[in-house]
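Report on one structure; see the data block that follows.
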Amino acid sequence: SDSGSDSEESSLSDSELQEAFARGALKPGLNVVLEERPKRRNDADGLKQCLAEFRQQLSWVERLDVTLGPVADPVSQSASTSDAIDPENDFQREMSFYRQAQAAVLEALPRLRKLQVPTRRPDDYFAEMAKSDQQMQKIRQKLKSKQEAMERSEKAKQLRAMRKYGKKVQVEILQKRQKEKKNMLNAVKKYQKGLSDKLDFLDEEQTSSQGNKKGGANQRTKKGPNAKRRYKNQKFGFGGKKKGSKWNTKESFNDVSSFQSKVAHNKGPGKGGRGGKGGKKALNKRPGKTARQKMKNRAR
């Protein structure tokens, strides 16, 4: 009977809701389910019970826990309290952490030495690397490739800057030449029209051209010939007139200091008389036919 009454109530409530929905009486936000807020409580006994359950009764050397306040400030000779520290002040907050760690070190080191626990790394300590040699080789190659890429990028930047500067200089030189040409043409037009009777622009042009030639000559003199030019100079000479270089001049014709009569008249040593026969040629003269025949007969 109870279950039947509950079903009838639920059906009646559903039918009423349907009728209200059909009339448009139901609007969103009218039916809100309110949940009760959990009550906050401080169960100290329960927390202590949990702490006792997972606490392990180990020696201090296995736990190494030190709970101390900050060490005394050497300036004020007093330990700084938490009330005096402004949590919004970064310097005071970090200094409090530092002094608390310092106090823990001052407390823990003597206890470790008393237990004969080493606190310093030996000089011959060898720690194996966490990464293998293959992994380190890959890292080294990657760093090397990055460095090479950076060097290539830097060289490309320098080349672009040099090209940009060279182009800028070239443009400036062309503009200067165009300006000079324009000024000269204007001066020529003025002279032709009779507006000016000065020809100073011609003198300036000639002076500038001579200056350029002198400058080029000085540069060539300072620089000197290249290796190819030096080789040709050594092989063929240093230029100048070649044809007629052995002709007599007035000075060489009048200079008779090097004249030798014996050489000029074929009377030197080993020379014959006027006929030009004798000397070495006479000694090397071929024997006659009869003499050669006699020599053959003797050889037989």
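The backbone N, Cα and C atoms fix where each Cβ goes, and this holds for glycine too.
Automated prediction, rather than curation, is the source of TrEMBL annotations.
The compositional bias 'Basic and acidic residues' annotation in TrEMBL covers 145-157. Feature annotation from TrEMBL assigns compositional bias 'Basic residues' to 158-167, 220-233, 277-300. What TrEMBL records for 254-263 is compositional bias 'Polar residues'. Marked as region 'Disordered' by TrEMBL: 131-167, 201-300.
In terms of DSSP helix, strand and coil, the region 'Disordered' (131-167) has 35 helix, 0 strand, 2 coil.
Secondary structure of the compositional bias 'Polar residues' (254-263) per DSSP (helix as H, G, I; strand as E, B; remaining residues coil): 4 helix, 0 strand, 6 coil.
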